[in-house]
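What Swiss-Prot records for this protein is below:
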BINDING   GLY121, LEU141, GLY142, ASP143, TYR144, VAL145, LEU146  S-adenosyl-L-methionine binding site
Amino acid sequence: MYFAVISIFPEMFATIREFGITGRAVAQKQVTIECINPRDYTSDNYRRIDERPYGGGPGMVMMAEPLSQAIEDARLRASQYGCRVDKAHCPVIYMSPQGQTLSESSVVDMTEYDGMIILCGRYEGIDERLLSQYVDMEISLGDYVLTGGELPAMVLMDSVIRRLPNIMGDDKSAEQDSFVDGLLDCPHYTKPHEFAGMAVPEVLLSGHHANIAQWRFRQQVERTQTRRPDLWQAFMPTVEQAKWLKALAKADKK
């Protein structure tokens with residue numbers, strides 16, 4: 001999968017290109033991450049990419065011209081990589097607190113793309129005309145504001161890359177994460193058997209796979225009900241999960 005990131009701080013992306021699972025994916029050429037600096041598309045000696053806003057007000061606004069040229073270059077690079085450069089296969093995504101909140105279901109959908117062109121804003125924002133002309137979607141991490149779009153862009157890439165086939169050591173690891181099945185994840189334990197006076201739940205040591213699966217599902221349900229009642233209210237169980245819920249309810253009545 002191909003990622004082009006448009007940012008005035010390309011050095012920040014060494015974190016995701018060189019470390020951890022994402023770094024390994026880049027090293028093994030399963031993923032390509034290229035950084036494009038809009039300052040390279042300016043024509044003045046100061047390489048300015050921002051100006052004061054029309055109508056007055058605080059702060060600066062990123063200008064449309066250098067960003068548009070950076071996006072066009074990113075599209076060219078994406079096509080050379082083999083991407084179908086259109087909204088359906090390689091969208092231009094603007095990281096913005098005004099965008100649609102990123103979710104696990106949307107991440108899974110994004111794994112079907114050939115690539116992404118991710119636009120990282122700074123200052124007060126980006127000239128609206130650039131957004132109207134070039135941006136296919138805006139994505140937010142939540143109802144808060146950061147100093148720029150670089151960190152959200154890395155979060156987006158990390159979440160998508162780890163869901164691609166053959167990226168994780170075991171693809172089932174991602175399938176068992178929180179939100180994947182509509183519920184929070186269950187607790188996990190490893191050695192030692194006892195820590196700070198707390199022992200590993202005996203059911204996990206029993207070797208009885210059906211009982212372990214039932215225990216884990218119960219923990220998911222209880223955690224979701226307690227910690228994220230909004231998720232629980234929206235939870236739509238599968239046929240198999242509905243059977244588990246009935247079994248848990250029956251066990252609780254005994």
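Yeah, the Cβs are placed from backbone N, Cα and C, and that goes for glycine too.
Just so it is clear, the model here is predicted, and its values are computed rather than measured.
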Between GLY121, GLY142, which of the binding-site residues has its C-beta surrounded by the fewest other C-beta atoms within 10 Å?
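Result for the binding-site residues GLY121, GLY142: minimum number of other Cβ atoms within 10 Å at GLY142.
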What whole-number distance in angstrom separates the two most remote CA atoms of the S-adenosyl-L-methionine-binding residues GLY121, LEU141, GLY142, ASP143, TYR144, VAL145, LEU146?
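In whole numbers, the farthest two Cα atoms are 16 Å apart.
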If you draw a 10 Å sphere around the Cβ of TYR144 (S-adenosyl-L-methionine binding site), how many other Cβ atoms fall inside it, taking every protein chain shown into account?
7
